[in-house]
């Protein structure tokens, strides 16, 4: 680690391919018919790399949101599969990290360990894994189940999944492969290890048929903000994708997460906390507000009502739009993101939002809106006050919001010495100043 | 279809990354320490594309062959995961098809349908799927099972898997996506279809969150030569990767497969049969024989004995090397490739090979060896006598055998009018002159 001024890390996130807004595809600049084209993503990631971002963070779900007609009619429902996309993008980039969102709920650790290891090789040490659990019944029904798995069981399975995956990455010691043409020895048999894992959710013998990844393990990212999610993050994650929200909440989350690490024998620096930030930048405040107004007008109200109905598990589309929600959402029996429910309860009980306003919140993520200096002030405050080690940027529409951030905000952050002007490392671990983990077999060989 | 002279199709196959030979990595030209490097595969596929090959055929298994120490010590045990590799390679190629070998035994159809559809988009219509079933206990143990699935159950599952996958590719009709910014309609809800599949092995609701692939369905490849495999091929496959062997066998297999198609309502032309051919080419016969001798000397005898022991399910490493195998391998209870067992029984009963010779056959695939003219004569004979629609070339060592084939044999085939001099189509279906399948929902909308 250098003694120089601490700098922030930046991720460029994509979920809906046209931009973070569920109806970004309607934006005048949107290239709605290009969302399955390689060139579209190539432009996105090359812009992020021009902005010296640490990471391209590709979010994902393994279903199509069709519970309500509006989801099919109005929302952006299609997106490329993460590994296939990121692997292709590794070819047209040199430095930026590549984070694949992969659920531990409906996958097999052997396949995922192998794909991540391969991506790490092809990208020369730039792979990351955003570890998620699946929480939609629609997703369950694509994989032979009727309902999604219970919250605690999902996390238990996630933990096992990570253990198995790391074990498979350790199959080969770093110097196990000899390639000795003369003697005929391809590998040193003493440096290959079976995993022989037998747990509640997985039984996996190993070894992996890919050698140890360049980064040892690809960088592990996690986002769960429930208690189980926080414990998993403190034990295993190297990057946490935080929810954003008020700075006070972010500071407590930051302290909470870093405080849990010691009992797992980890230093605070071994985990980077990157809250989500949606930024709408204008050369003037007025320009920024104009941009915001366009974005907030994109989604039909019906889409927001249906998203809210989905989240609540009850149809609220017949309620009067301009009155408060006539009930407080129950925690008891709720089986999706607990932290998102907490935020919703706050909107209902403290902010006392109307149904229309709640619906709008469900389509329009709260953005930081302003000039480059104002956005930089905001980020700097979070960074120096201990709310963040960096940020995971989401872009309400594309390509505009990413271009603006790279062209206007990044230079301002660089002027302030808060962000790199050039990549100094090659691997994603080097960008994040994270150590390369040693194989479990190097000391005390099994 | 054109009325011009019928031309052959060519696939370039890779299983062991250093070449088809299990110890190709020992060859003086081999780049054994580059087998996880993107540049290595980029060179391979760009050479094949320079040779106007239809297809890069990437074979795969989801385990590491460690039943015997020799497998770890001497064999080439590591290889990139197919989707991750092929997707990256799509970026550095323009025409050649990209075939991923994916087992139906330990995968989920939703994931595979999505990855193949994404690969088809990113490559602009060049994806293919080599459909295999898994037949090694080691593989089973990486996925929570003790033993691999029974032959008939594997094929039953494979058939369901394909049905589900094709159903998911049909989720969206070709013109379902509207991208109408003005009206706010992203898609026409009437052109999106749930699958609601409930079978013995899979229950999958759908729809897929990727639109219909450019090719309708990626090209389906299959290799099973058992009766169940042949029926599956006749019903579903568009390319069959045949076993090679004597021409008489290949002609009967060709007729057998094409003869089974009518009952599934398919024309003979809708299936291309590409036997495996391993070619060792020299500018003179003597040079070719010299090259062969180097290749055949690469594998230690022990490796061949262990491969044979594995296949037989009993240890034969203590038998006298220069005497015939003292038993005839039993068909009863055998649960790997039935057709490979048939070929082995022929070697034992008819060719009366010694244990050493059998071991050598298990490391050295039979090659066609000779001048470019001799190789072209061989391929032409198979092609005109109804044994093949083309060939899946395997290369005993790399890069030499591929370079030789492209530089010496392809021009000879082109001179004879048997092979294209330029790509005339863009998609893999166009190379193979295969129709783009219509969605099941276009007539008689469900």
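Along the chain as shown, residues are numbered 1 onward.
Yeah, the Cβs are placed from backbone N, Cα and C, and that goes for glycine too.
According to TrEMBL, the feature domain 'Luciferase-like' maps to A:24-385. Mean model confidence of the domain 'Luciferase-like' (A:24-385) amounts to 94 (pLDDT, 0 to 100 scale).
Using a 10 Å Cβ-Cβ cutoff, residue A:226 (FMN binding site) registers 17 neighbours. Among the features that TrEMBL reports, FMN binding site is placed at A:60, A:101, A:151, A:155, A:226.
Close to residue A:151 (FMN binding site) in the fold, though at least 6 residues off in sequence, lie A:135, A:226, A:228, A:335, A:338, each with a CB less than 8 Å from its CB.
Residue A:101 (FMN binding site) falls within a strand segment according to DSSP.
For the binding-site residues A:60, A:101, A:155, the ranking by surrounding Cβ atoms (within 10 Å, all protein chains) places A:101 first.
When the record's FMN-binding residues A:60, A:101, A:151, A:155, A:226 are compared pairwise by CA position, the greatest distance found is 20 Å.
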